[in-house]
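Participant: For reference, the structure I am asking about is given below.
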Amino acid sequence: MSSNSPTNLADRYAFLQAELARLEHAYYVLDNPLLPDIEYDRLYRELLDIEAAHPQWVTSESLSQRVGGTALKEFDSVTHAVPMLSLNNAFEDSELIAFDRRCREALHVEHVAYAGELKFDGLAISLRYENGTLVTAATRGDGASGEDVTANIKTIRAIPLKLTGKNIPEILEVRGEVFMYLKDFEKMNRQAAELGEKEFANPRNAAAGSLRQLDSKITAKRPLSFFAYGLGALEPQSWLPKTHEELLNAYVELGLPVCSERRVLHSVEEILAFYNEIGAKRDSLPYDIDGVVYKVNSFAEQAKLGFVSRAPRFALAHKYPAQEALTTVLGIDVQVGRTGAITPVARLAPVEVGGVTVTNATLHNEDEVKRKDVRIGDTVSVRRAGDVIPEVVSVIKERRPSDAKEFVMPSRCPVCDSHIERLADEAVARCSGGLFCGAQRKQALIHFAHRRALDIEGLGEKIVDQLVDQNLVRTPADLYRLGFTALANLERMGEKSADNLIQAINQSRNTTLARFIFALGIRHVGETTAKDLANHYQSMHALMDASVEELLTVKDVGPVVADSITSFMQEAHNREVIEQLLASGMQLSVEEKIISAAVFGKTFVLTGTFPTMTRDEAKDLLEKAGAKVAGSVSKKTDYVVAGTDAGSKLAKAEELGVPVIDEEEMLNLLK
């Protein structure tokens, strides 16, 4: 460089940006270093020196921005322009064969080409590029919206801040997976051990934990990587290639990292061969996977197949069998689930299963413990079912010690000391503590606030967790004693949100008796039974005092439901909570049915999206008119009400010859 004049310096700065981006792509994406590290570092320091002298030149695309910035207090929410759907899973070859058959039959073709690729065990991410520049990155979240992790994503050197190539779309949302290479994970854990810091259990946890750091400077120190494999929003649509494989090739041209372990497959035989080939070398791959994914290769055929529920019809995840290991049972405890289920859990000598240290494994229920004959002191085979939930598979009885102890199910709940009961025809024992039991409290509150129950908008799982953990709420009745200050002081709860939640709680006092009964969370009492009970008893106190014999006279209430209701009502603390709720100003109305002769006694099934109402609203209208709304289509179904994007229920109705009507025709029947 002959001069330090601003013009020449600006040219040099532009050259360094482009050159360093090229070198990073070669190093982190192509695994083909073009310069020694010392030379790269020299160029990078020169870039930093120029930016220090001319900070006005720095943009979000500068490689210096990968080091991380100011720590955040919380992540903002990002709504996905195109939902990030999950995939249906297959564990058996027969499920894969059925998937291929469904695709061929739906497309009316003899053969379908599939794009086969790996299912990475990391964290799904969406990257939004506008005119080639990375502007937003978000986690999958619930599929509809996720967390804004843009600052953290920019620290991952495998992800380009600026796309390369000539054919760059105006808007491109790249879907992919953030993960850690095994060698990078092991090196990071070794360094953590040397410093006396906590080690991560596995690469997936390390990747997820690193990406969700509020301080991006911490993320910048973590060896995260990325592979692109999917597409979200796109403008213009004319940019879209014809096939998934061509899309991935286009990604490579744009400078995005794409896994090379992929193949276009033309038959079930080729699919199974690909699955077995990857499975054979799974342990030697440089990263963790838990299966392979098949996607119909043609985008036109994908569009024809569409979606069902929260998953595409054109794709399937083929999981590998769970991995197993042997260890010793040190003890057997019981855990209380959110619905009161008592689950025996084996405490194990620590053992590595599928790269995870396992110290506990589920034994499911008392019958399973007896069937497998699991005893304290036994050597057992432990498996991570679905590579997630550890379970005891079998006992190695040849190694059983003479002092091995049998498991005895406790008679009292270890959390609240309520009686543990087990109905004769059920495998699961349950705590009878109901709302009084701390283990069940959070789920009871979430159910109480559900939109089909008391419909308390804004009272979600995260708020409930804080209310219970801070001992602000023990029962649903405590919700109606909450003050503005207590709510406003909760994490992620400002004054406006606190005010809105208090209003929602107050509004919930005016509800129906049926919703109130359903909200109590009595086992076996769903919405329909709650409505039948409300119509029969007309008041809460009448239901509370009902005997089993009286309950059996209610429509569709059998011995199991009657026993469940009386057991719930006989618990003194449950009655106390109900009385507190009633004393808080609850106004419980009994819905009057407006009988329609055209639908009375008829069975309806709802599917798809309706033009003027939700399916829940349609269900309420039909039930008030005396109809029954079922969840699946059968020969006993009288009508299927279908909206747009109707799924498999519509196909089933056509197969069985069940009449299909739209929303307008349903409303005409109700007149």
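Glycine residues also receive a Cβ, built from the backbone N, Cα and C atoms like all the rest.
The following feature annotations were taken from Swiss-Prot:
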type: BINDING; residues: Asp37, Ile38, Glu39, Tyr40, Asp41, Ser86, Leu87, Glu117, Arg140, Glu177, Lys295, Lys319; note: NAD(+) binding site
type: ACT_SITE; residues: Lys119; note: active site, N6-AMP-lysine intermediate
type: BINDING; residues: Cys413, Cys416, Cys431, Cys437; note: Zn(2+) binding site
type: DOMAIN; residues: 594-671; note: domain 'BRCT'
Participant: For Glu39 (NAD(+) binding site), what is the secondary structure state per DSSP, taken as helix, strand or coil?
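Facilitator: Helix, per DSSP.
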Participant: Given the recorded positions Lys119, Cys416, Cys431, Cys437, find the one whose Cα is closest in space to the Cα of Lys295 (NAD(+) binding site).
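Facilitator: Going through Lys119, Cys416, Cys431, Cys437 one by one, the Cα closest to that of Lys295 (NAD(+) binding site) is Lys119.
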Participant: Quick check: with Cys413, Cys416, Cys431, Cys437 left out, which same-chain residues have Cβ atoms within 8 Å of the centroid of the Zn(2+) site Cβ atoms?
Facilitator: Val336, Gly340, Pro414, Val415, Asp417, Ser418, Ile420, Ser432, Gly433, Phe436, Gly438, Ala439, Gln440
Participant: Please compare the binding-site residues Lys295, Cys413 by how many other CB atoms fall within 10 Å of each one's CB, and tell me which has the fewest.
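Facilitator: Each of the binding-site residues Lys295, Cys413 was scored; lowest Cβ tally within 10 Å is Lys295.
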Participant: List which of the recorded positions Glu39, Leu87, Lys119, Arg140 have their Cα within 10 Å of the Cα of Cys431 (Zn(2+) binding site), in sequence order.
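Facilitator: The recorded positions close to Cys431 (Zn(2+) binding site) (Cα within 10 Å) - there are none.
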Participant: What does DSSP assign Arg140 (NAD(+) binding site), in three states?
Facilitator: coil
Participant: Could you check which of the recorded positions Lys119, Cys413, Cys416, Cys437 is the closest Cα neighbour of Glu39 (NAD(+) binding site)?
Facilitator: Lys119
Participant: Write down the Cα-Cα distance for Cys437 (Zn(2+) binding site) and Arg140 (NAD(+) binding site), rounded and given in Å.
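Facilitator: That separation, Cα to Cα, works out to 33 Å.
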Participant: In whole Å, note down how far the CA of Cys437 (Zn(2+) binding site) lies from the CA of Lys119 (active site, N6-AMP-lysine intermediate).
Facilitator: 40
Participant: In sequence order, what residues of the same chain, 6+ apart, have a Cβ less than 8 Å from the Cβ of Cys416 (Zn(2+) binding site)?
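Facilitator: When sequence neighbours closer than 6 are ignored, Cys416 (Zn(2+) binding site) has Cys431, Gly433, Phe436, Cys437, Gly438, Ala439 within Cβ distance under 8 Å.
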Participant: Which state, by DSSP, holds Lys295 (NAD(+) binding site): helix, strand or coil?
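Facilitator: DSSP assigns Lys295 (NAD(+) binding site) to strand.
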Participant: Which numbers of helix, strand and coil residues does DSSP report for the domain 'BRCT' (594-671)?
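Facilitator: Final tally across the stretch: 27 helix, 16 strand, 35 coil.
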Participant: Looking only at DSSP and grouping its letters into three states, which state does Cys431 (Zn(2+) binding site) belong to?
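Facilitator: The three-state answer is strand.
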Participant: Taking every protein chain shown into account, which of the binding-site residues Leu87, Cys431, Cys437 has the largest tally of Cβ atoms within 10 Å of its Cβ?
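Facilitator: Of the binding-site residues Leu87, Cys431, Cys437, the highest Cβ count within 10 Å belongs to Cys431.
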Participant: Please report the Cα separation of Leu87 (NAD(+) binding site) and Cys413 (Zn(2+) binding site) in Å, rounded to an integer.
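Facilitator: Just about 38 Å between their Cα atoms.
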Participant: On the 0 to 100 pLDDT scale, where does the domain 'BRCT' (594-671) sit on average?
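Facilitator: Overall, the domain 'BRCT' (594-671) comes to a mean pLDDT of 85.
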